[in-house]
Amino acid sequence: MSHLDPEVAALLAMGEQPSDADRRHLDACADCRAEVDSFGRAVLAGRASGAGEPLLTPPDRVWESIRSELSLSTPMLDDGGQDDADSAPASVGASRGSRSHLASRRRRVSRRPVFFVLAGAAVAVVAIVAGVWASGGIVPKADVISEARLDGLPGWSGAGGEALLERVDGHDRVVIDLAASVPDDGYREVWLLTADASDLVSLGTLDGSTGTFDVPDAVDLSRFTVVDISQEDVDGDPGHSGDSIVRGTLSPP
Ligand SMILES: [Zn+2]
C-alpha cells in the first residue's frame with residue numbers, strides 16, 4: 001500500500017474532494033488521515049490569522065506573488081536536485097491547484113527558515129567585517145620599498161636595529177625597531193639623512209624601542225637614504241645632537 005502524496009494530503013486539507021482511490025486509502029490509513037489533519041490545522045491557523053476572512057481558496061494574486069517569488073528564489077535555494085520536476089521554475093507556472101503548485105508552495109514554506117538563517121548569517125558577517133574595519137583590525141596593505149640594517153656607532157657598542165621604508169595608501173613611513181641601551185635621561189630622535197650627511201630631516205622622537213614615522217610628502221626619498229637615530233638631551237635644541245646611536249642606509253629589500 002502506497003501512502004498519499006503529501007501534496008495530495010495538503011490539497012485535501014484545503015478542502016479539495018479526494019478521488020475515490022484517495023478516499024479509500026484515507027479510510028484505511030491512520031497515518032495519512034493524521035497527515036491530512038495536521039495540514040488541516042495549519043490551514044485553520046492560517047485562516048485564523050486572516051482577520052476572519054474565510055479563505056477557502058487563495059485569490060489569484062496570492063499565487064501570482066508566490067510564483068514570482070519562487071522564480072527568483074528557487075534556483076538559489078535548490079535542494080540539491082531531488083524532485084527536480086516539481087521544483088523546476090517551469091512547473092511552478094502549472095495550473096492553479098495542481099500538485100506542482102502545492103509541492104512548490106510547501107517546499108518554499110519549508111525553506112523559509114533556511115533562507116532567513118542564511119540571510120541572518122550574511123548580516124552577521126557584514127557586521128563583523130564592518131566592526132573589524134572600524135576598529136582598525138583591517139589595515140591597508142603596506143609595501144616595503146626599502147630596508148636598512150642599523151649598526152651601532154662608536155660609543156654605542158651592542159646597539160643595532162632595523163628600519164623599513166613602507167608605502168601605505170600612497171604615503172611613505174619608516175618603521176623602526178631599535179635595540180640599544182637607554183640612558184637615564186634624554187630622548188631618542190629618528191632622522192633621515194642624505195648619503196653625505198649634508199642635510200637631514202627629523203621624523204620624530206622614538207619612545208621605547210619601536211615606532212612608526214610618517215615621512216612628509218615633501219621629503220625626497222631619493223636623496224634622504226640614510227636612517228639615523230640619535231640620543232638627544234633635553235636642551236631645547238631642535239637640531240641633531242651629533243650623538244648617533246645607530247645608522248643605516250636604505251636599500252631595496
Ligand atoms: Zn497512507
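Just so you know, the numbers here start at 1 and follow the chain as drawn.
Backbone N, Cα and C define each Cβ position, glycine as well.
Note that the coordinates shown come from a computational prediction; the quantities given were computed from them, not determined experimentally.
For reference, TrEMBL has these:
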- 118-242: domain 'Anti-sigma K factor RskA C-terminal' (DOMAIN)
- 73-105: region 'Disordered' (REGION)
- 232-253: region 'Disordered' (REGION)
- 114-134: transmembrane segment (TRANSMEM)
Three-state composition of the region 'Disordered' (232-253), taking helix and strand from DSSP: 0 helix, 8 strand, 14 coil
Overall pLDDT for the domain 'Anti-sigma K factor RskA C-terminal' (118-242), taken as the rounded mean: 88
